[in-house]
Amino acid sequence: MPTTFQEIPRERPVTPLLDRADTPAGLRRLAEADLEHLADELRQELLYTVGQTGGHFGAGLGVIELTIALHYVFDTPDDRLVWDVGHQAYPHKILTGRRNRMLSLRQKDGIAAFPRRSESEYDTFGVGHSSTSISAALGMAIAARLQNSARKSIAVIGDGALTAGMAFEALNHAQEVNADMLVILNDNDMSISRNVGGLSNYLAKILSSRTYASMREGSKKVLSRLPGAWEIARRTEEYAKGMLVPGTLFEELGWNYIGPIDGHDLPTMIATLRNMRDLKGPQFLHVVTKKGKGFAPAEIDPIGYHAITKLEPADKPAAPKKASGPKYSAVFGQWLCDMAAADNRLVGITPAMKEGSDLVAFSERYPERYFDVAIAEQHAVTLAAGMACEGSKPVVAIYSTFLQRAYDQLIHDVAVQNLDVLFAIDRAGLVGEDGPTHAGSYDLSYLRCIPGMLVMTPSDENELRKMLSTGHLYNGPAAVRYPRGTGPNAPISGDLEPLEIGKGVIRRQGEKVALLVFGVQLAEALQVAEQINATVVDMRFVKPLDEALVLELAGSHALLVTLEENAIMGGAGAAVGEFLASQAVIKPLLHLGLPDIYVEHAKPAQMLAECGLDAAGIEASVKARMAKLGL
């Protein structure tokens, strides 16, 4: 196996066993003795594929053996296999007939980064966000029972995703309906237990065997007539298992817990899965894997190698780097540290996005004021509300797509009480190769309808810094939404001064056409304006809208064009139209933004072009409307 990033194979490896196992049916025709060799080949194939395309990396390497075992033991796709999040699903895709399409992974018109129902019958449930798998698999298990079907339902969930409340809601419900289903905990961080080894593997085989299960069920029937005796027996079994395994919590929730077992020991996993396949009721298997297994750098640094960029040809000349500014997330991270130094009331909260949201430096400088709540967006928002009640100034750093999961808390716990909580909303707009499940397409629409909410859209790095200060000093809930990637390299002021709330600024004076920009399309708008002599306005605030400026522009221009990287429906442009209608002002409007579709994965520039939000698309749309109006 390669030991450095540059040693990842650039040519497809020779894989005679994998060539015969490109579908689960082919896999099941292999001898069990061949499967460990198959695992080696699949791991090499995954290294090669992701090296060519880039993408999620470490999680897939860690579940090679588990993926093989699941498809070997269960009759997929008839048996329903649900992967949580989907970061670990690349080996699954390779083994389910998509090997020859893997080089199109995450590319325009190629296969998706996550399981998609429309892509394969083996992808039984579309994912991207975490902690949904148990609920989905439970729904499938109940449906199978109602249809008198014997098909199995299996959910594979990671230890990180198991921190979310939704997962425990499903675990609790499954025992209530006594669902025949299997949950597999893929523990790749050892956050639950380190008790893995020969004794644990041996115990798992015993506890999952039909003999043990039949004895257990027989005893239950007899002792159920003697409630006191049954409760003593149940507790005795639970405590005996608890001395060797960490499953007491799951047993208390009504699940038959097995494990932990070594997730890279194929014979043990296959034997255990075969034993558990026909057991009735909720079954829980705990497997321990190593993220990045088989690639030393990823084993050492699983966070850094969570995803990788594609390998470039060794002889490819270095392309000249385009001038660009810092990442917007880095600007936020620096502001957070600066404001924390100036205001000791500030606290930082994130739902498991420390690195992505650039909170590393803040967490190191102010550990007592930093709170990573894990994958628990609802809790993160209400935690912030509680802190704000006591005089703290919480900053919730969260991706736009994940804030959707805490919308009730945003309204009920923060906004209704008019609490001082600042939402730093990263990854707003289109995010590229991860596709529609990760796009921040709706935040302006779902934020601007909330009374008292301050909503801001920076056009560059300096505007972001000023808006963060504005939101921090605002008396009430505030949101600043900014995109993934780098800014246009605008000079950044070192101060912490706020903006005047609700005031936009004219960046270029033109005539006839006014381009009202909400966010980072300002550079494209200025470029287009040079071709048509348009006025360009950096609106800055979606809420409160600069109504005086909108009226002024409507009175002096023949066409108003709104620009935003948000859904057109209910977005910033809609706010302009609603205001003009409320004032009985009739004015031609053109709203440019994200259409009423899910924009599929591609490079960000390709996605913007598809939506007509690049300079060429904006210019074409505006000129077409001008021609229609005779301008």
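Just so it is clear, glycine is given a Cβ too, placed from its N, Cα and C backbone atoms.
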Residue among Glu11, Glu368, Glu377, Glu390 sharing the thiamine diphosphate site, where Swiss-Prot lists His87, Gly128, His129, Ser130, Gly160, Ala161, Asn188, Phe295 as binders: Glu377
Local backbone state of Asp159 (Mg(2+) binding site), from DSSP in three classes: coil
Integer Cα-Cα distance in angstrom, His129 (thiamine diphosphate binding site) to Asp159 (Mg(2+) binding site): 14
Per-residue Cβ crowding (10 Å cut-off), top of binding-site residues Asp159, Glu377: Glu377
CB contacts for His129 (thiamine diphosphate binding site) [other CB atoms within 10 A, all chains]: 21
Asp159 (Mg(2+) binding site) and Glu377 (thiamine diphosphate binding site), Cα-Cα, nearest whole angstrom: 16
Alpha-carbon spacing, Asn188 (thiamine diphosphate binding site) to Asp159 (Mg(2+) binding site), which is rounded to whole Å: 7
Largest separation between Cα atoms (Å) of residues that the record links to thiamine diphosphate, namely His87, Gly128, His129, Ser130, Gly160, Ala161, Asn188, Phe295, Glu377: 32
Number of Cβ atoms other than its own within 10 Å, given for Asn188 (thiamine diphosphate binding site): 24
